[in-house]
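Record features (Swiss-Prot):
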TRANSMEM  33-53  transmembrane segment
TRANSMEM  77-98  transmembrane segment
BINDING   H83, H182  heme b b562 binding site
BINDING   H97, H196  heme b b566 binding site
TRANSMEM  113-133  transmembrane segment
TRANSMEM  178-198  transmembrane segment
BINDING   H201  ubiquinone binding site
TRANSMEM  226-246  transmembrane segment
TRANSMEM  288-308  transmembrane segment
TRANSMEM  320-340  transmembrane segment
TRANSMEM  347-367  transmembrane segment
Amino acid sequence: MTNIRKTHPLLKIINSSFVDLPAPSSLSSWWNFGSLLGVCLGVQILTGLFLAMHYTSDTATAFNSVTHICRDVNYGWLLRYMHANGASMFFICLYLHVGRGLYYGSYTYSETWNIGILLLFAVMATAFMGYVLPWGQMSFWGATVITNLLSAIPYIGTELVQWIWGGFSVDKATLTRFFAFHFLLPFIVAALVMVHLLFLHETGSNNPTGIPSDPDMIPFHPYYTIKDILGFLIMLTVLSVLVLFSPDLLGDPDNYIPANPLNTPPHIKPEWYFLFAYAILRSIPNKLGGVLALVMSILILAIVPILHMSKQRSMMFRPLSQCLFWLLVAILFTLTWIGGQPVEHPYIIIGQTASVLYFLIILIFMPATSLMENYLLKW
């Protein structure tokens with residue numbers, strides 16, 4: 001008799017995705033981040049659901065409701081810090097996942113890659129709106145500064161900002177709609193994840209060599225299920241240590257001050273995972289130019305497949321491209337550091353230099369190096 005997992009209409013979908021899925025035999029730990037992101041999303045939706053049961057999206061009570069969650073709700077502090085630090089883990093896994101895709105040439109699966117970029121934007125939007133909800137100083141001023149960027153859009157900018165605010169400033173209407181969207185978006189992200197996996201399973205996984213692995217495939221279960229479970233345990237251990245020992249390590253102390261429209265914090269900055277983009281935004285003196293650079297810093301990923309000039313898919317056997325890739329990583333770390341610094345000398349010029357190099361490496365140096373490597377290999 002055929003196994004029920006291969007015949008049942010629902011179980012056979014799960015079976016073909018997670019049990020009998022043919023997977024390359026050479027996948028390294030860099031391929032763990034997809035499943036880790038799935039766990040992060042699950043943790044965020046669960047903790048977020050329980051937080052939403054106690055949170056009130058009203059300017060008068062939002063800050064106090066978060067305090068109430070931490071002090072009076074059973075394990076409310078754990079839920080709150082798991083959710084806040086879970087977002088950091090989410091972005092660490094996201095950036096490593098994208099970095100893996102860039103290094104090993106996974107972007108040549110264009111549908112999977114483009115859905116991934118959509119997912120990145122959706123998760124960033126969700127995280128931004130979530131940061132506004134505790135209604136602390138950085139929540140309020142972060143929301144004001146970032147939404148105000150839309151006023152740089154010619155002709156419709158001002159009206160657009162007021163439409164998003166629901167008034168003439170960030171206020172009760174803004175907080176309520178941000179809560180509604182923050183609740184809704186993770187489920188849209190979950191749906192996009194399904195589409196992401198659907199397109200991935202059409203082509204099959206890439207592997208570290210970048211060479212087609214059709215002759216050498218192994219079943220996903222038990223080999224990669226056990227490997228993924230090890231990844232889950234490591235990530236959840238790191239998250240637990242962060243939550244239980246230093247829950248405020250990655251947060252901003254200003255967010256423990258209730259939002260006050262009459263008092264601007266000395267340094268307005270977003271959460272650490274947006275600092276690289278914030279540094280690129282600030283490095284351009286013109287408002288519209290800054291906004292365009294900000295959007296392009298992420299959207300540039302969409303043209304990476306077009307800029308792929310190498311005859312090889314992966315960077316595994318391309319030492320010159322590897323050097324450029326790690327230089328790009330160093331530049332992203334530099335931009336993250338600069339984003340958290342005040343706008344003064346020497347930080348301004350460092351940020352501008354790093355921003356220019358970021359775009360130059362992706363748009364010019366990487367394709368040029370690929371062509372040179374082709375020439376050196378007489379291809």
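Every residue gets a Cβ built from N, Cα and C, even glycine.
A map of Swiss-Prot features onto the structure.
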{"residue": "H83", "record": "heme b b562 binding site", "contacts (Cβ under 8 Å, 6+ apart)": "Q44, T47, G48, L51"}
{"residue": "H97", "record": "heme b b566 binding site", "contacts (Cβ under 8 Å, 6+ apart)": "F33, G34, L37"}
{"residue": "H182", "record": "heme b b562 binding site", "contacts (Cβ under 8 Å, 6+ apart)": "G48, T126, M129, G130, L133"}
{"residue": "H196", "record": "heme b b566 binding site", "contacts (Cβ under 8 Å, 6+ apart)": "T112, I115, G116, L119"}
{"residue": "H201", "record": "ubiquinone binding site", "contacts (Cβ under 8 Å, 6+ apart)": "S16, S17, L21"}
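Contacts between the transmembrane segment (320-340) and the transmembrane segment (288-308): absent, as fewer than 3 C-beta pairs lie under 8 angstroms at sequence separation of six or more.
Segment contact is absent for the transmembrane segment (288-308) and the transmembrane segment (33-53), given fewer than three CB pairs below 8 angstroms at sequence separation of 6 or more. Residues 29, 32-33, 35-36, 39-40, 43, 78, 81-82, 85-86, 88-89, 93 of the same chain sit 6 or more residues outside the transmembrane segment (226-246) yet have a Cβ under 8 Å from a Cβ within it. The transmembrane segment (33-53) and the transmembrane segment (347-367) are not in contact, since fewer than 3 Cβ pairs between them lie under 8 Å (pairs 6 or more apart in sequence). The secondary structure of H97 (heme b b566 binding site), as reduced to three states from DSSP, is helical.
Sequence-remote contacts of a segment are chain residues at least 6 beyond its ends whose Cβ falls under 8 Å from one of its Cβ atoms, and for the transmembrane segment (178-198) they are 17, 37-38, 41, 44-45, 48, 52, 55, 57, 112, 115-116, 118-119, 122-123, 125-126, 129-130, 132-133, 143. DSSP assigns H182 (heme b b562 binding site) to a helix.
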